[in-house]
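Visitor: Take a look at what TrEMBL says about it:
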type	residues	note
DOMAIN	1-59	domain 'Helicase ATP-binding'
REGION	102-139	region 'Disordered'
COMPBIAS	113-126	compositional bias 'Gly residues'
COMPBIAS	128-137	compositional bias 'Polar residues'
């Protein structure tokens, strides 16, 4: 071995697995070169300095701020998408307030401005209502409207990151009436699933998890989390890679070393359990 490539090196900060990454870096022989890849390490210079001192070697840091695909941030509220940020203009003033105001009952909208002038939320009503907005799995109507909005704007396929296995399955199960597959796509999915399931033995082919996932996938909807059978996760990944899964509900498992073509990413909440406590993502 002459070189070791560490992809997603920011996982060295993981409370459970990070120590393994650290030990590998420390224990690798001096003659072995190392390449570290990450798009989300905020203190990359400090981290590089630590590696240089630990290995007694010169470290070269190569970075870029250019994104091949420009990033845009939206809030979805009241059947509408409100653009918060784009690469050209940066953060757009007023969009957050407009989205929040869209969620207020019509009787409260006049109160939300307080003394802030026309349409400028300043009173307590807006923030109080915003705090009451629940970041749960949402109801069937909400998900259907959101996905249809994304479809109309040609923003599919979408990965919806939920923060628990239960939320992934609950959210997907609410889309029983939604079919995103064309007849030819449905036929292709059916043939692929039947071939793949043959790898399972006997009664395993009739497991509830297998049957449920087959029915979802035929409609272009998938689920991906650590509680699924490995063969099911593999089927979901292959179909998503082919563009046949248009909506995927997933935990972080789908973001770990899986390179898949998604046009949109949706977060169904802003609080996540990190193994010890709940914390805000924003």
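Note that Cβ sites are derived from N, Cα and C of the backbone, with glycine treated the same way.
Help me picture where these features are in the structure shown.
Guide: Sorting each residue of the domain 'Helicase ATP-binding' (1-59) by its DSSP state yields 27 helix, 8 strand, 24 coil.
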Visitor: Across the domain 'Helicase ATP-binding' (1-59), what does the pLDDT come to on average, as a whole number?
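Guide: In the predicted model, the domain 'Helicase ATP-binding' (1-59) has a mean pLDDT of 92.
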